[in-house]
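For reference, TrEMBL has these:
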DOMAIN    94-371  domain 'Deacetylase sirtuin-type'
BINDING   119-139, 200-203, 317-319, 343-345, Cys361  NAD(+) binding site
ACT_SITE  His218  active site, proton acceptor
BINDING   Cys226, Cys229, Cys277, Cys280  Zn(2+) binding site
Amino acid sequence: MPTIFQVVTAGYWEKFSISNNRASDKPHWLRYCHCAKLKGTTPWSSLPISEVPITERMRMSYGLSFGSTKGHWVTNLNQQCSRASSGLFVPPSPPLNPEKVREFQRFITLSKKLLVMTGAGISTESGIPDYRSEKVGLYARTARRPIQHSDFVRSAPIRQRYWARNFVGWPQFSSHQPNPAHWALSTWERLRKLHWLVTQNVDALHTKAGSQRLTELHGCMHRVLCLGCGEQTPRGALQQRFQVLNPTWGAEAQGLAPDGDVFLSDEQVQTFQVPSCLRCGGPLKPDVVFFGDTVDPAKVDFVHKLVKDADALLVVGSSLKVYSGYRFILTARDQKIPIAILNIGPTRSDDLACLKLSARCGELLPLIDPH
């Protein structure tokens with residue numbers, strides 16, 4: 001029989017092979033995080049995930065997640081997974097309902113061309129706050145509101161304040177890592193269950209998890225765009241330019257915002273120097289869609305085609321309050337495509353969904369067998 005070594009290094013995913021020398025025995029992989037409860041050898045470990053009862057998968061989760069391909073248990077890489085620190089911006093949710101999990105498994109199993117759309121709720125478990133979650137979202141914690149596109153474009157002082165805040169917040173924002181929900185969707189893509197992934201997020205966590213069939217609806221904070229000539233540059237390179245221009249400048253953050261910046265007072269930003277485009281001298285902006293701006297029409301048309309070509313639509317971690325994402329739900333409704341929603345709290349489209357689950361994305365998605 002295979003020998004199981006269950007070793008957990010605090011804060012990191014670890015990968016272990018379970019096999020022996022006989023050709024008839026298949027190798028298996030298990031993935032644990034530091035918050036998993038150590039268990040002895042279990043008969044479930046030698047079965048394909050599809051044969052493990054939902055209730056047993058739930059018992060083994062949160063710290064244990066699975067992916068299987070061709071009869072093998074697999075996992076990708078080492079990643080931090082600190083449930084305690086990542087739960088700060090996650091609203092409370094009820095315990096997983098086994099029957100609901102079974103319904104969700106059936107929804108995924110029946111889909112042959114699954115389209116997934118994600119929102120900020122999938123990244124809160126990675127430590128990134130969202131805007132609208134009850135009690136823990138930006139709107140619930142503070143009276144501050146995100147910057148408007150028109151204000152950023154017309155006002156140099158507003159750009160100065162934005163970039164000063166972003167400069168302070170960037171090291172933390174750029175260091176956030178994917179959580180089990182991101183990894184699960186990346187695995188679904190690799191196993192050809194997920195046809196395409198559309199995200200409303202700008203945090204690049206899907207890319208970090210290895211997703212490739214991906215459309216970033218609102219852009220990505222890891223890129224910078226010149227408003228004059230359209231030149232794109234990496235955000236990391238701009239951070240170095242900020243440091244050169246502001247060698248003695250310093251500020252203490254007064255709070256964390258969702259999209260990579262922090263809260264600073266007006267006095268703190270007055271002396272902050274902002275570089276211009278190296279090519280044309282124009283003003284620089286993150287390559288994201290600010291509030292009040294519009295999504296590229298070509299990108300919208302592409303996603304509408306994806307919806308029409310799909311046989312099921314899964315929404316993960318989005319309240320769908322913003323029309324840029326909600327419109328695709330309307331298209332799915334018009335095409336009579338079944339819709340499932342995984343989100344803590346109500347959404348704008350609950351009445352259009354055939355299945356609604358209120359649970360942590362990182363707890364539920366790894367339980368699902370993508371086959």
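Heads up, the Cβ atoms here are built off N, Cα and C, so glycines get one too.
Remember, predicted model here, so these are calculated numbers, not experimental data.
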> Across the domain 'Deacetylase sirtuin-type' (94-371), what does the pLDDT come to on average, as a whole number?
Replying inline: 92
> Do any residues at least six apart in sequence from the residue listed as 'active site, proton acceptor', in the same chain, have a Cβ closer than 8 Å to its Cβ, and if so which, in order?
Replying inline: Gln200, Asn201, Val202, Val288, Val289, Val295, Ser324
> Say you check the Cα of Asn343 (NAD(+) binding site) against those of the binding-site residues Cys226, Cys229, Cys277, Cys280; which is nearest?
Replying inline: Cys226
> What is the separation, in Å, between the Cα atoms of Cys226 (Zn(2+) binding site) and Gly127 (NAD(+) binding site)?
Replying inline: 29
>> Can you give me the Cα-Cα distance between Cys277 (Zn(2+) binding site) and Asp203 (NAD(+) binding site) in Å, rounded to a whole number?
In response: 23
> Taking the binding-site residues one at a time (Gly119, Gly127), which has its Cβ surrounded by the most other Cβ atoms within 10 Å?
Replying inline: Gly119
> Sorted by position, what residues of the same chain at least six away from Cys280 (Zn(2+) binding site) have a C-beta under 8 A from it?
Replying inline: Cys226, Gly228, Cys229, Glu231
>> Within 10 Å of its Cβ, which one of these binding-site residues (Ser123, Asn343) has the largest number of other Cβ atoms?
In response: Ser123
>> Let me make sure I understand the structure: which of the binding-site residues listed (Cys229, Cys277) has the fewest other Cβ atoms within 10 A of its Cβ?
In response: Cys229
> Can you list, in sequence order, the residues of the same chain other than Cys226, Cys229, Cys277, Cys280 whose CB lies within 8 Å of the CB centroid of the Zn(2+) site?
Replying inline: Leu227, Gly228, Gly230, Glu231, Ser276, Leu278, Arg279, Gly281, Gly282
> Around Asp203 (NAD(+) binding site), how many other C-beta atoms are within 10 angstroms of its C-beta?
Replying inline: 25
